[in-house]
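Novice: Quick paste of what Swiss-Prot says about this protein:
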- ASP150: active site, proton donor/acceptor (ACT_SITE)
- ASN10, GLU387: Mg(2+) binding site (BINDING)
- LYS17, HIS210, LEU211, GLY212, ASN213, GLY214, ASP285, CYS286, ARG287, GLY333, ILE334, GLY335, GLU336, ASN337: ATP binding site (BINDING)
- ARG91: substrate binding site (BINDING)
- HIS182: site 'Transition state stabilizer' (SITE)
- ARG243: site 'Transition state stabilizer' (SITE)
Amino acid sequence: MSSKLVLVLNCGSSSLKFAIIDAINGEEYLSGLAECFNLPEARIKWKMDGGKQDAELGAGAAHSEALNFIVNTILSQKPELSAQLVAIGHRIVHGGEKFTKSAIITDDVLQGIKDSVPFAPLHNPAHLIGIDEALKSFPHLTDKNVAVFDTAFHQTMPEESYLYALPYKLYKENHIRRYGAHGTSHYFVSREAAKVLNKPVEELNVITCHLGNGGSVTAIRNGECVDTSMGLTPLEGLVMGTRSGDIDPAIIFHLHDALGMDVASINTLLTKESGLLGLTEVTSDCRYVEDNYETKADAKRAMDVYCHRLAKYIGSYAALMEGRLDAVIFTGGIGENAAMVRELSLKKLGLLGFDVDHERNLAARFGKGGNIAKDGTRPALVIPTNEELVIAEDAYRLTA
């Protein structure tokens with residue numbers, strides 16, 4: 001067995017994803033999800049040695065109980081896995097301006113993550129809990145914990161991309177600017193695209209679309225991010241599962257002044273009650289929207305708005321490619337599986353030379369990627385993302 005094993009942790013506010021990955025060859029020895037934290041139904045499920053298992057964590061369980069279960073129950077079944085761990089990689093949603101790349105976790109790094117809590121109030125506190133619990137659970141790896149930031153890849157954006165047209169002192173004094181998200185995924189699929197297209201990364205011009213319950217589009221020119229659709233927070237940009245994406249900011253004042261909604265209620269509306277859920281009034285699940293597009297008005301409405309917004313972003317980012325666009329890339333749960341989203345969106349972009357092959361598009365689902373465009377037209381690639389591998393690679397590289 002390899003001695004390049006890394007434990008990857010992705011702590012959310014009410015869940016914890018985990019995996020043990022060989023950082024050299026990408027082999028996955030363990031993967032799982034603990035969820036429903038602080039609720040009676042808190043539970044954990046995992047895959048190891050080709051088998052699937054699950055268990056209850058106990059009412060009210062959270063990150064501490066989940067990590068204890070991973071260490072004392074799951075890994076006790078395979079002590080050689082635990083013995084061969086060389087590092088722990090932590091996904092961190094927001095690193096502010098301080099972090100342009102992954103970093104070994106020190107007191108200074110922890111402070112930087114804390115300083116970014118206002119920009120990711122649900123995610124960063126959970127990451128800090130996960131780091132603390134990992135340090136307790138794996139004391140022999142205290143100096144081998146690495147933070148991998150979702151925002152780091154976007155730190156190459158030029159000023160004209162990341163500044164808002166607000167009073168400049170809000171940026172200078174309060175760091176209010178665009179940061180983006182999903183950077184680890186955009187980084188991974190762009191590097192995979194370079195291999196597919198047989199181009200050096202530093203010459204690669206692509207537009208990457210990470211589409212899941214959250215979604216973002218990134219313009220990558222000469223291998224570096226030059227713009228991305230998410231902003232100060234992950235609320236800006238595309239239509240998402242429950243998030244509105246771009247709106248006229250004055251809608252907020254109207255909701256407050258004319259409809260009497262308070263700030264907390266407006267925040268809930270924009271982040272948890274909008275997007276596909278708001279448009280269908282039924283669900284945030286894109287599968288419902290796709291399955292019922294031809295027969296239900298709510299599904300058609302949601303799909304059309306979703307694809308219109310996505311096509312607008314792809315089209316506008318094409319203008320940043322300095323005359324050469326190598327491909328558009330789809331990834332994430334929706335990007336990898338929702339053939340209708342890809343086809344309807346690219347159908348609006350014939351001006352850019354996209355022409356989807358219907359059969360290829362249908363075939364590129366459920367873990368299968370490939371070029372879904374017709375021969376002789378601009379490539380449209382489906383590339384399954386692997387953020388966990390990037391986190392494992394960075395953790396191993398920094399601690400080896």
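Backbone N, Cα and C atoms are what each Cβ position is placed from, and that goes for glycine too.
Surface or core, plus neighbours and distances: that's what I need for these features.
Specialist: Look at ASP150 (active site, proton donor/acceptor): DSSP puts it in coil. Around the Cβ of ASP150 (active site, proton donor/acceptor), 26 further Cβ atoms fall within 10 Å across all displayed protein chains.
Other Cβ atoms within 10 Å of the Cβ of ASN10 (Mg(2+) binding site) number 23 in total over all chains. Taken residue by residue with DSSP, ASN10 (Mg(2+) binding site) is part of a strand.
When Cβ atoms from all protein chains are considered, those within 10 Å of LEU211 (ATP binding site) total 27, not counting its own.
Look at ARG91 (substrate binding site): DSSP puts it in a strand.
Within the same chain, the residues at least 6 positions away from HIS182 (site 'Transition state stabilizer') whose Cβ sits under 8 Å from its Cβ are ASP150, HIS210, GLY214, SER216, THR218, MET230, GLY332, listed in sequence order.
Note on ARG243 (site 'Transition state stabilizer'): other Cβ atoms within 10 Å of its Cβ, all shown chains, come to 26. According to its DSSP assignment, ARG243 (site 'Transition state stabilizer') is coil.
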Novice: Based on Cβ atoms within 10 Å, give me the single least packed residue among the binding-site residues LYS17, ARG91, ARG287.
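Specialist: Ranked by other Cβ atoms within 10 Å, the binding-site residues LYS17, ARG91, ARG287 bottom out at ARG287.
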Novice: Filter the recorded positions LYS17, ARG243, ARG287 down to those whose C-alpha lies within 10 angstroms of the C-alpha of ASN10 (Mg(2+) binding site); answer none if the list is empty.
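Specialist: Neighbours among recorded positions, in sequence order: LYS17.
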Novice: Under DSSP, is LEU211 (ATP binding site) helix, strand or coil?
Specialist: strand
Novice: In whole Å, how far is ILE334 (ATP binding site) from GLU387 (Mg(2+) binding site) when you measure between their Cα atoms?
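Specialist: Approximately 16 Å lies between the Cα of GLU387 (Mg(2+) binding site) and that of ILE334 (ATP binding site).
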Novice: To the nearest whole angstrom, state the Cα distance for the pair ILE334 (ATP binding site) and ARG91 (substrate binding site).
Specialist: 21
Novice: With the ATP site defined by the record as LYS17, HIS210, LEU211, GLY212, ASN213, GLY214, ASP285, CYS286, ARG287, GLY333, ILE334, GLY335, GLU336, ASN337, how many Å span the farthest pair of C-alpha atoms?
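Specialist: Greatest Cα-Cα span of the listed binding residues: 23 Å.
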